[in-house]
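Report on the following structure.
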Amino acid sequence: MSETDGRRTAHRAMIVIGLVLATLLSLALLWITRRVLGWLVLAAFFATALKPLVDRLERRLVRRRALATLLVFVATFTVFTALAAVIVVPLLDEITHAVDRAPTLLAQAREGQGPVGAVLDRLNLSRYVATHSGQIDQYADQLRRPALDLLRGAAETVIAMISVTVLAYLMVLEAPRLIRCTLDLVGPGPGERLRRVGRAVSRTVTGYLTGNLLISVICGGLTFVVLVLMGVPFAAVIALLVAIADLIPLVGATLGALIAAGAGFVHSPTAGIVVLVFFVVYQQVENHLLQPVIMSRAVRLNPLTVLVSVFLAADLAGVLGALLAIPAAGIVQILLREFAPARPWLRSGRTGKPVGRSGRTGKPASGPVGDDSAATGGHLG
């Protein structure tokens with residue numbers, strides 16, 4: 001091998017090594033900053049969802065964007081604060097109080113007294129408690145540590161919520177300026193395409209929120225009916241808590257089922273069994289019928305795509321991935337339709353016409369990516 005070939009080989013090897021090291025460094029940075037990146041993704045999600053409201057308020061009522069943004073975020077914050085005051089704060093207080101009283105309640109349960117003793121007598125578990133009293137006392141002492149972890153997790157959640165809110169507020173406030181600067185950089189031709197993509201992304205996120213809220217309202221309403229029919233106390237509060245938990249795709253109904261079924265069993269074994277059976281049936285209906293059908297119409301995704309996206313994202317990123325899977329899949333579909341060359345499988349589900357670039361001229365087609373922006377009021381610029 002000549003000296004020139006050896007230098008070329010060494011040069012290529014150095015380039016490959018540099019690319020590998022740069023990739024590893026980038027992955028390491030992403031892993032280190034994963035919490036902040038998660039905040040940014042959530043902030044961008046909420047900013048995209050709230051931007052149409054701010055734009056509409058700015059055009060029709062308030063002429064100053066700063067004031068319109070402030071009003072929308074204050075209203076949103078008020079709603080979430082009211083929900084937290086009604087549900088989360090009393091729930092945390094009750095959990096902490098129950099953990100502190102656990103040894104006393106268990107002592108009363110061994111004697112068949114107190115609320116726990118009454119439930120154990122009803123379920124014929126008093127003999128088991130008397131036989132395994134030592135192990136139960138040990139478990140009761142260990143409950144204090146998870147309670148402290150719960151309070152610590154609640155504090156971290158509050159910090160994350162404040163950070164996401166501030167980031168989303170600044171994103172919405174500075175959105176027109178950022179969009180204008182971006183369009184000036186890319187020029188009028190690509191700028192119009194970016195506007196079209198931005199409108200479609202805004203419509204997708206808004207449709208996802210609308211569909212998710214509709215499913216949660218259905219779940220909360222049916223839960224309220226079942227709890228009232230079984231005579232479970234605090235049916236409205238429990239149903240509201242179940243509706244909030246159901247905002248999480250796939251696993252939300254399970255979390256709500258644990259809460260509602262637990263309240264049902266405390267009331268009576270029959271009520272607990274009925275509530276549990278209801279949620280087993282409802283979860284299958286929601287996961288395989290309501291969520292794919294409603295989300296496919298709201299986000300304009302194939303039901304199978306919705307289901308597979310949620311499964312994969314939940315496995316990769318947990319609850320956050322499940323929450324963002326459907327809008328992310330919708331955004332990917334928008335980008336494919338707009339920027340990918342025309343293919344037989346890239347067709348509009350309703351018209352059957354190709355979307356994206358036209359096969360001969362290469363110009364962007366005025367398909368569903370940009371024509372439906374008036375449906376939600378979302379716009380860029």
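Here the Cβ of each residue, glycine as well, is placed from N, Cα and C on the backbone.
Just so it is clear, the model here is predicted, and its values are computed rather than measured.
According to TrEMBL, the protein carries these features:
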| type | residues | note |
| --- | --- | --- |
| REGION | 350-381 | region 'Disordered' |
| TRANSMEM | 12-31 | transmembrane segment |
| TRANSMEM | 37-54 | transmembrane segment |
| TRANSMEM | 66-92 | transmembrane segment |
| TRANSMEM | 153-173 | transmembrane segment |
| TRANSMEM | 205-228 | transmembrane segment |
| TRANSMEM | 265-285 | transmembrane segment |
| TRANSMEM | 305-336 | transmembrane segment |
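In this chain, the transmembrane segment (305-336) does not touch the transmembrane segment (265-285); fewer than three CB pairs sit within less than 8 A of each other, excluding pairs fewer than 6 residues apart.
Taking every listed stretch (12-31, 37-54, 153-173) in turn, the largest tally of C-beta pairs under 8 A with the transmembrane segment (205-228) is reached by 37-54.
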